[in-house]
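Novice: Quick one: this structure, given as structure tokens, is what I'll be asking you about.
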Amino acid sequence: MLQITGVSRRFGEVTALSEVSLEIRPGEFFALLGPSGCGKTTLLRILAGFESPDSGAVTLDGADLLSLPAHRRPINLMFQSYALFPHMTVAKNVAYGLERERLPRAEIRERVEEVLAKVGLAAMAGRRPQQLSGGQRQRVALARAIVKRPRLLLLDEPLSALDKKVRAEMQLELKRLQHEVGITFVVVTHDQEEAMSLADRIAVFSAGRVEQVDEPVALYERPRTPFVAGFVGASNLFEGAAHDGGLDGGELGVLPGTGDLPEGTPALLSVRPERIRLEDFGVPDGEPSEEPAAETPEEPAEESPEKPVESAESPEPAEESPKEPTAESAESAEPVEDAVPEESAESAEKSLEEPAAESPEKSPEEPVESAEPAEDADPEESAESPEEPAESAEDTDPEEPAEGRGVLRGKVADVSFYGGVSHISVVVPGRPAPVLVATQGATRVRTGSAVALHWAADDGVLVPQ
Amino acid sequence: MTSSTVSGATAGSRSHRSRVIGRLAFLGPGLAYLIVFLLIPLGMVLSYTLFRRGRFGGVVYEATGENFTRLLDPLYLDVVIGSLKLAGLATLIALLVGYPTAYLIAQLPRKWKTIALVAIVLPFWTNFLVRIYAWIVLLSGPGLVNSALVKLGLVDKPLELLYNEGTIVTGLVYSYLPLMVLPLYAAIEKLDPQLREASANLGARPARTFMSVTLPLTLPGIVTGCLFVFVPSFGNFVIPELLGGGRSIMVGNLIRDQFLNARDWPFGATLSLALLAVLIVLLLLQAWSSRRA
């Protein structure tokens, strides 16, 4: 219904929009997403009639839009600052647009009441905007825009000024309203959360160009340009060339991924943090040779640990500061025993013994954790490989070679937990930026741990560079 | 010495006293100046309104109310009303000229705004009297304007441009226009341009936007600007004197004449009081309107 064709706009030396073409469908909730200064606001202002493009065409239902002055366009805009008239009451603000249509007074009153009820502000009709909270002001702005029943409603950063709680509410409300009134919504935002949560389709802008237009999920899972891969959601990007369905990452070797790029094309491989599985070898303890056995098929160590396992991993109860215990456990066989207070050492041993017994049976099915204790119990084994996994690796290696193979090896630089998700950054030799890994729930991976990272080919997306 | 031995109990009151002294030190000079040179003379002038005139000026301290009854004499009332009219007209013209000017300046790019504002204030840097005399040179019989008109053949003989009420209004507008433009500029500049966009977006033509949004929201600036022009215009006596031909057409001249020519100080004081009363009412109106906005 809204057709934007080859629209360009320059401000002096700056190109705000460059040959932008988009089609927005009737009844759609569409988002223009991009960092500030990417041209999305310019496009919005062109649609509203506050700016004119240097070239290009915009049609609404087939009729030329650009020749209409702003006040004659069937398009309403909800301003980011709301732009409520401070000298008018809420009701007057909402009625303003209808008065311009010279509707009968009774009808105006009726429609104002109706729309205020719809946004839950019927009781506030007589107030001035200054007497309202941010969320209420926004509802007034929304009511004022939709009361005109426009063909198209533009929303400029509709949620950005609201605090988190009100945001979530308003988000639902916007969707509900859009459903109810059946108006096509176009929202402009730099906030991907806002765009992803609201829109049916999103156009990602960068430097005045449309990078990709897609549904939120597609945008996230199949970014088609490096910019989109980097901008939408957190992502690990690896540079290299397409190779045999994956990416030849040079120093990093061949990384699994999918994408139909010709062999050798320069490409980026995008891997989402939550798609990476992490294999924990614990903290190497002075002994640099973590390598050897590393192939333990650890499930992400973060997974909710079972009790016996926990105690096994770190000889001492969880209260202990994270680093020490792991260090101990690593060493446990050799020097640790001395270092650790007897009690804890004992308890460690005890706890180790139990799981150790189980471990052989469990190891195939269960997470690595069970394997680890086994090592701890046996001094010799741990001696072989600096860490617990070494041993289990030996055991399990033959059984699950493919799964256990880490694509990348590195060291945990930082672990943080928020939003119910653990965020782990792993420094991988040969890559300047750390690799980000996200896992549900609290993790047991410690800073300094040696880890292996792997992911399925489906989880890596090749993006042409 | 003594201060170092002050006990803790008196320390509080001492610090309070020192705070008061500190404030007085800052306020003192200004306060003293205002009291000596404004309040006391004002009080004296106001007190004259209650007494009889002395024979050769001055005051005879005999209470009387006749100064106030004389104020209602049509002879003087007409002058007051005439002054109101002239000052009002000058204010209106200044508003009509000043608003578009201020609006335009507010839309300029930042650099040009500064230049335009300096240009607006520039006339204040030259002497007021010189500028008024310049008008006489311009408008007199053989002046620039008339000679140009005659040479262009638009008129046969020089026009009477000087010494009428129109000349006075011209002089008032000319002198006080900057005082109109500056507060208007401040008000318009402060106005969120998105409000105008919102109005257009809701279907209002530019004229409607101006009437419903821009004008009401810049009203405090309008009131302030009008006051800034009206107040000095209403009591002015230099401009009517020089451009109006020396007759007592405005209150300012009348007051001046009462003190200097007629030697009737009490009545001059009464006229001053009347002038002051009108201006105070206007100031209150302005305060009220700006608080409401």
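Including glycine, each Cβ sits where the backbone N, Cα and C put it.
Pulled these features from TrEMBL for this protein:
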- B:80-286: domain 'ABC transmembrane type-1' (DOMAIN)
- B:24-51: transmembrane segment (TRANSMEM)
- B:79-102: transmembrane segment (TRANSMEM)
- B:114-136: transmembrane segment (TRANSMEM)
- B:168-188: transmembrane segment (TRANSMEM)
- B:209-231: transmembrane segment (TRANSMEM)
- B:265-285: transmembrane segment (TRANSMEM)
Novice: At a C-beta cut-off of under 8 Å, are there same-chain residues at least 6 beyond the transmembrane segment (B:168-188) that contact it? List them, or none.
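Specialist: For the transmembrane segment (B:168-188), the sequence-distant neighbours (Cβ-Cβ under 8 Å, at least 6 residues beyond its ends) are 86-87, 89-91, 93-95, 97-99, 101-103, 105-106, 117, 120-121, 123-124, 128, 131-132, 135, 214, 217-218, 220-222, 224-226, 228-229, 232-233, 236, 239-240, 242-244, 249-250.
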Novice: Would you say the transmembrane segment (B:114-136) and the transmembrane segment (B:24-51) are touching, if the rule is that at least three C-beta pairs must lie under 8 angstroms and be 6 or more residues apart?
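Specialist: Per Cβ check, the transmembrane segment (B:24-51) does not touch the transmembrane segment (B:114-136).
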Novice: Same chain, outside the transmembrane segment (B:114-136) by at least 6, Cβ under 8 Å from its Cβ: which residues?
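Specialist: That would be 101, 105, 108, 143, 162, 167, 170-171, 174-175, 178, 181-182, 185, 238-239, 242-243.
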Novice: By Cβ distance under 8 Å, which residues at least 6 away from the ends of the transmembrane segment (B:209-231) in the same chain are close to it?
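Specialist: Distant contacts of the transmembrane segment (B:209-231): 87-88, 90-91, 94-95, 98-99, 102, 172-173, 176-177, 179-188, 191, 195-196, 199-200, 279, 282-283, 285-286, 289-290, 293.
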Novice: Any residues 6+ beyond the ends of the transmembrane segment (B:79-102) with a Cβ under 8 Å from its own?
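Specialist: Distant contacts of the transmembrane segment (B:79-102): 120, 165, 168-169, 172-173, 176-177, 180-182, 184-185, 187-188, 221-222, 225-226, 229-230, 233-234, 236, 240, 248-252, 254, 271, 274, 278.
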